[in-house]
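Note sheet for the following structure.
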Amino acid sequence: MTSIRKTHPLMKIINNSFIDLPTPSNISSWWNFGSLLGICLILQILTGLFLAMHYTSDTMTAFSSVTHICRDVNYGWLIRYMHANGASMFFICLFLHVGRGLYYGSYMFMETWNIGVLLLFAVMATAFMGYVLPWGQMSFWGATVITNLLSAIPYIGTDLVEWIWGGFSVDKATLTRFFAFHFILPFIVTALAGVHLLFLHETGSNNPSGLSSDSDKIPFHPYYTIKDILGALIMILALSSLVLFSPDLLGDPDNYIPANPLNTPPHIKPEWYFLFAYAILRSIPNKLGGVLALVFSILVLMLMPLLHTSKQRSMMFRPISQCLFWLLVADLLTLTWIGGQPVEHPFVIIGQLASILYFTLILILMPAASLLENNLLKW
């Protein structure tokens with residue numbers, strides 16, 4: 001008799017996705033991050049749900065309600081810091097997941113890749129709006145600065161900003177709608193993640209060699225379920241350590257000061273995971289140019305399949321491309337550092353050079369290196 005997991009309409013989907021899924025036998029731990037991102041998403045939705053039970057999205061009480069959660073709600077401090085640091089863990093996994101895709105040529109699955117880029121945008125939007133909710137100084141001024149960027153759009157910019165604000169400044173209407181969007185977006189992210197998986201399972205996973213693995217597949221369970229559980233345990237250990245030992249390590253002290261429209265903080269900066277994009281934005285003196293560079297810094301990922309000039313899919317056997325890839329990683333770390341620094345010499349010029357290098361590497365140097373490697377191999 002056939003097992004129920006292979007016949008039942010719902011169980012069949014789970015079976016084909018997580019149990020009997022044919023998986024390449026040689027995928028490394030870099031392939032763990034998909035499942036880790038799923039765990040992060042579930043964790044964020046659950047902790048967020050419990051926070052929403054106690055949070056009030058009103059300018060007069062938002063800051064106090066977060067304080068109330070931390071002081072008076074049973075394990076409220078734990079839920080709050082799991083949610084805040086869970087976002088950091090989410091982005092660490094996201095960046096590593098995207099980096100893996102770039103290194104091993106996973107972007108050649110175009111539908112999967114493009115939905116992944118949309119997911120990145122959606123998660124970034126969710127995180128930005130979530131950062132506004134505690135209504136501290138950095139929440140308020142971050143919201144003011146970032147929403148104001150839309151005023152750079154010619155003709156409709158100013159009207160668009162006021163429409164998003166729901167008034168002439170960031171106020172009660174803004175906070176309420178940001179809470180509404182912050183609540184709904186994770187469910188949209190979940191749906192997109194489902195579509196992401198759907199397209200991935202149409203082609204099957206890529207593998208480190210970049211070659212077809214049709215001749216050597218193994219079932220996902222038990223081999224990769226146990227491997228994913230190990231990855232999950234390591235991630236949960238790291239997150240728990242962060243939450244229980246130094247929960248404010250990645251936060252901004254200014255956010256413990258209630259929002260005050262009359263007092264601008266000396267250095268307005270977003271959370272650490274947006275600093276690279278913020279540095280690119282600031283490196284261009286023109287407002288519209290900066291906004292376009294900011295958007296294109298993420299959107300450029302969608303061009304990766306078109307910029308792939310190598311005859312090999314993966315970078316595993318391409319040393320020149322490997323060097324450029326790690327230069328790109330170093331450049332992104334430099335941009336992250338610069339994004340958190342004040343706008344003064346020498347940080348301005350370092351940021352401008354790092355921004356130029358970022359786009360030059362992706363659009364010119366990496367495709368050129370791939371062509372050079374093809375010639376060296378006489379392909």
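Cβ atoms here come from the backbone N, Cα and C positions, even for glycine.
Here's what Swiss-Prot has on this protein:
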- His83, His182: heme b b562 binding site (BINDING)
- His97, His196: heme b b566 binding site (BINDING)
- His201: ubiquinone binding site (BINDING)
- 33-53: transmembrane segment (TRANSMEM)
- 77-98: transmembrane segment (TRANSMEM)
- 113-133: transmembrane segment (TRANSMEM)
- 178-198: transmembrane segment (TRANSMEM)
- 226-246: transmembrane segment (TRANSMEM)
- 288-308: transmembrane segment (TRANSMEM)
- 320-340: transmembrane segment (TRANSMEM)
- 347-367: transmembrane segment (TRANSMEM)
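Location within the structure of each feature annotated in Swiss-Prot.
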residue	record	CB count, 10 Å
His83	heme b b562 binding site	21
His97	heme b b566 binding site	20
His182	heme b b562 binding site	21
His196	heme b b566 binding site	21
His201	ubiquinone binding site	14
Field: Top partner of the transmembrane segment (226-246) among 33-53, 113-133, 288-308 - counted as Cβ pairs under 8 Å
entry: 33-53
Field: Proximal residue to His97 (heme b b566 binding site) among binding-site residues His83, His182, His201 (C-alpha distance)
entry: His201
Message: Just to verify a number: CA distance, His201 (ubiquinone binding site) to His182 (heme b b562 binding site), in angstrom, no decimals.
response: 29
Query: His182 (heme b b562 binding site) to His196 (heme b b566 binding site): how many Å between their Cα atoms?
result: 21
Query: Cα-Cα separation of His83 (heme b b562 binding site) and His196 (heme b b566 binding site), in Å?
result: 24
